[in-house]
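All remarks here apply to the structure that follows.
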Amino acid sequence: MASKMPAALLSCAFLLLGAVFQAAAGHYSPPSPASCGLKVGYYDHKCPPAEAIVKSVVRAAVRRNPGIGAGLIRMLFHDCFVEGCDASVLLDPTPANPQPEKLGPPNNPSLRGFEVIDAAKAAVERACPGVVSCADIVAFAARDASSFLGGRRVDFDMPAGRLDGRASNASRTLDFLPPPTSSLPELVQSFAAKGLSAEDMVALSGAHTVGRSHCSSFVPDRLAVPSDISASFAASLRGQCPASPSSSNDPTVVQDVVTPDKLDNQYYKNVLAHRVLFTSDASLLTSPATAKLVDDNANVPGWWEDSFKVAMVKMASVEVKTGNSGEIRRNCRLVN
């Protein structure tokens, strides 16, 4: 007999499913964090210093290396799109599960920031043992990294109350994480499957204004002739990347050559100038609706920041686990 799904998770699942159908019909209405059992200030009484502790650890890490901040933002996306926002991306390989998510091709070797989550979890455990989930720490860390890299223009509250999942499978990363070669319809479909709209997808793509990418993510596709990519930008990339990247020769390049360590709307200006790395980035100009969103994000002050904050909270509410469907791990790398 199938086990019963906890009521809070069932409610969230139905709301997300409804959002997918509404998105497909052009009438998008996402589930609220509260409907998924999340709330702002969740730890105010359970563990009052929790968010401040995570913020302090993230601040120190981003000061040492801004690229870690980009990694933490990306980690939330890669966690939430596979098994929901449940810290399944943090689990290490074990004899019982030798291929967890972190070893999936979209995550290995490019995903980074794991040691920051470890440090934050250790500090929180010293203050409040067994209270704060790794999934919430991942969400807080992405929020804080956004704030520090964005010069506080993207400050926002992050609801909490997630539990940690017990399942993690590398093959699932390929099922749900859209590759950098994605077309616009493929991107829209991937995000709609998680209850996120095309507007959310365009806003979250703005995170490509920080961080680095391996050459193999866009070579040779984006540097082929003919291509829509700027000729001068392509020439620069050819000077940094081998013609045929391999596991032993796959350098990284910055995603935004103008403001590489700043979370801002420069990404959208780069899209308009055809100076972006990925096919998925360039695809945002292939429909009038998303091209208009790109233009607004590039040119209307504050438009992208406001959209990004809303989209981050919505993404961090995807398929959260509550009740008996999860746990609070003692070690983020291992199930209890």
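Heads up, the Cβ atoms here are built off N, Cα and C, so glycines get one too.
In sequence order, Val89, Glu101, Pro106, Asn107, Leu111, Thr173, Leu177 constitute the residues six or more apart from His78 (active site, proton acceptor) in its chain with CB-CB distances below 8 Å. The annotation active site, proton acceptor is assigned in TrEMBL to His78.
Summarising the environment of Asp86 (Ca(2+) 1 binding site), the number of other Cβ atoms within 10 Å of its Cβ, over all protein chains shown, is 29. Residues or ranges marked as Ca(2+) 1 binding site in TrEMBL: Asp79, Val82, Gly84, Asp86, Ser88, Glu101.
In the structure as shown, the Cβ atom of Pro178 (substrate binding site) sits within 10 Å of 18 other Cβ atoms. What TrEMBL records for Pro178 is substrate binding site.
The Cβ of His208 (heme b binding site) has Gln255, Asp256, Tyr267, Val276, Leu277, Phe278, Asp281 as same-chain neighbours under 8 Å, each 6 or more residues away in sequence. The annotation heme b binding site is assigned in TrEMBL to His208.
Annotation source TrEMBL lists Ca(2+) 2 binding site at Thr209, Asp256, Thr259, Asp264. Around Thr209 (Ca(2+) 2 binding site), the C-beta neighbours below 8 angstroms that are at least 6 residues distant in the chain are Gln255, Asp256, Thr259, Lys262, Leu263, Asp264, Asn265, Gln266, Tyr267, Asn270.
The annotation disulfide bond is assigned in TrEMBL to Cys47-Cys128 (among others). Counting only same-chain residues at least 6 apart in sequence, those with a Cβ under 8 Å from the Cβ of Cys128 (disulfide bond) are Tyr43, Lys46, Cys47, Pro49, Ala50.
TrEMBL lists Cys80-Cys85 (among others) with the feature disulfide bond. Taking a C-beta cut-off of under 8 angstroms and a sequence separation of 6 or more, Cys85 (disulfide bond) has the following same-chain neighbours: Leu76, Asp79, Ala135, Val138, Ala139, Arg162, Met315, Ala316, Ser317, Val318, Glu319, Val320.
Cys332 (disulfide bond) has a Cβ environment of 23 other Cβ atoms inside 10 Å. Per TrEMBL, disulfide bond is recorded for Cys134-Cys332 (among others).
Among the features that TrEMBL reports, disulfide bond is placed at Cys215-Cys241 (among others).
Per TrEMBL, the feature domain 'Plant heme peroxidase family profile' maps to 37-336.
Annotated signal peptide per TrEMBL: 1-26, in sequence order.
According to TrEMBL, the site 'Transition state stabilizer' annotation covers Arg74. Applying an 8 A CB threshold to same-chain residues 6+ apart, the list for Arg74 (site 'Transition state stabilizer') reads Leu111, Gly113, Ala207, Gly211.
Sorted by the number of other CB atoms within 10 A, the binding-site residues Asp79, Glu101, Asp256, Asp264 start with Asp264, the lowest. Listed in chain order, the extra residues whose Cβ falls within 8 Å of the Cβ center of the Ca(2+) 1 site residues Asp79, Val82, Gly84, Asp86, Ser88, Glu101 are His78, Cys80, Phe81, Glu83, Cys85, Ala87, Val89, Gly165, Ser168.
When each of the disulfide-bonded residues Cys47, Cys80, Cys241 is scored by how many other Cβ atoms sit within 10 Å of its Cβ, Cys47 comes out lowest. Cβ proximity to the Ca(2+) 2 site centre (mean Cβ of Thr209, Asp256, Thr259, Asp264, cutoff 8 Å) flags the following additional same-chain residues: Val210, Val258, Pro260, Lys262, Leu263, Asn265, Gln266, Tyr267, Asn270.
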